Amino acid sequence: MTNSRGVFITGTDTEIGKTLTSAILTKAWNTYYWKPLQTGLETEQGDSPTVASLAQLPPKKIIPPAYSFKAPLSPMAAASKEHTTINPGRLVLPQLSNPILVEGAGGLMVPIRKDLLMIDLINKLDLPTILVARSGLGTINHTLLSLEALTRRNIHILGVVLSGPLNTENKKTIEEFGNTKVILQIPHLDVVNPTIVTSLAQEVPDLRDI
Ligand SMILES: Nc1ncnc2c1ncn2[C@@H]1O[C@H](COP(=O)(O)OP(=O)(O)OP(=O)(O)O)[C@@H](O)[C@H]1O
Ligand SMILES: C[C@H](N)[C@H](N)CCCCCC(=O)O
Ligand SMILES: [Mg+2]
């Protein structure tokens, strides 16, 4: 494994497949899971219970969020609605025996506070990163922009995960122009459940090989 402390899962957008990817990778690599900044609890259950149920993780493998907010907004905006600001001192990796998979909220340029974006948190945690993107039309631009932002900050990119109807042309273009590998393609799933997650986890390359 490139960095035995863990991996940061980011995406080109919100609702792009980071949590589904996290469930698959957590299962494949037997990692802990941490969603440090959870927003939107007034409209969704939050990502930790979703990963726990999809990857069938015991509760001790889920590290509770550092912050949870009700509003379905960026962490900075959701915190502000609750008259609070996020203390970066609480956004530190727990010491664990196994690697940890950390899921961001939204994409890379999402504000956590006035002086901290999601991409700055990746830098602060010093984790290699996997970028989740949709497979179809429009993804080339979003994916290459995100890869460029990561590269400019010297963040180690482990690869890209594409989610949605298989698109080999987009995979090839992203690999060529992004100078990276698509490590997993998640096809469009009619149902998302633990059985599918287990079967997709078997297609994931070993962390030491990416
Ligand atoms: N390949 C796919 N096939 C079917 N459904 C999918 C696929 N990828 C993602 N989804 C579904 O799309 C929805 C959004 O995905 P997901 O929750 O993983 O997004 P996210 O990037 O984690 O969003 P957030 O920024 O809120 O954390 C979920 O209901 C998920 O199950
Ligand atoms: C509520 C949602 N599911 C995510 N947790 C937060 C996404 C913030 C996105 C902000 C933005 O890019 O406009
Ligand atoms: Mg998520």
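Even glycines carry a Cβ here, placed using N, Cα and C.
Bear in mind that TrEMBL entries carry predicted annotations, made automatically and left uncurated.
Listed in TrEMBL:
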| type | residues | note |
| --- | --- | --- |
| BINDING | Glu15, Ile16, Gly17, Lys18, Thr19, Leu20, Glu103, Gly104, Ala105, Gly106, Pro187, His188, Leu189 | ATP binding site |
| BINDING | Thr19, Glu103 | Mg(2+) binding site |
| ACT_SITE | Lys35 | active site |
| BINDING | Thr39 | substrate binding site |
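Feature map: TrEMBL annotations on the structure.
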{"residue": "Glu15", "record": "ATP binding site", "Cβ contacts under 8 Å, 6 or more apart": "none"}
{"residue": "Gly17", "record": "ATP binding site", "Cβ contacts under 8 Å, 6 or more apart": "Gly11, Val132, Arg134, Val161, Ser163, Gly164, Ile186"}
{"residue": "Thr19", "record": "ATP binding site", "Cβ contacts under 8 Å, 6 or more apart": "Asp47, Thr50, Val51, Glu103"}
{"residue": "Lys35", "record": "active site", "Cβ contacts under 8 Å, 6 or more apart": "Gly46, Asp47, Ser48, Val51, Pro65, Val102, Glu103, Ala105"}
{"residue": "Thr39", "record": "substrate binding site", "Cβ contacts under 8 Å, 6 or more apart": "Ser68, Phe69, Lys70, Ala71, Pro72, Leu73, Ser74, Pro75, Ala78, Ala105"}
{"residue": "Pro187", "record": "ATP binding site", "Cβ contacts under 8 Å, 6 or more apart": "Gly164, Pro165, Leu166"}
{"residue": "Leu189", "record": "ATP binding site", "Cβ contacts under 8 Å, 6 or more apart": "Ile196"}
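There are 26 other CB atoms within 10 A of the CB of Ala105 (ATP binding site), with all protein chains counted. Residues Glu15, Ile16, Gly17, Lys18, Thr19, Leu20, Glu103, Gly104, Ala105, Gly106, Pro187, His188, Leu189 are listed as the ATP binders, and the farthest two of them sit 23 Å apart at their Cα atoms. DSSP assigns Ala105 (ATP binding site) to coil, not to a helix or a strand. Closeness to ligand 2 is met by Thr39, Ala105, these being the binding-site residues among Thr39, Glu103, Ala105, Pro187, Leu189 whose Cβ falls under 6 Å from the molecule. Taking Thr19, Thr39, Ala105 as the candidate binding-site residues, the subset whose CB lies under 6 angstroms from any atom of ligand 3 consists of Thr19.
For the recorded site, Thr19 (ATP binding site), the DSSP three-state label reads helix. In this structure, Leu189 (ATP binding site) belongs to neither helix nor strand by DSSP; it is coil.
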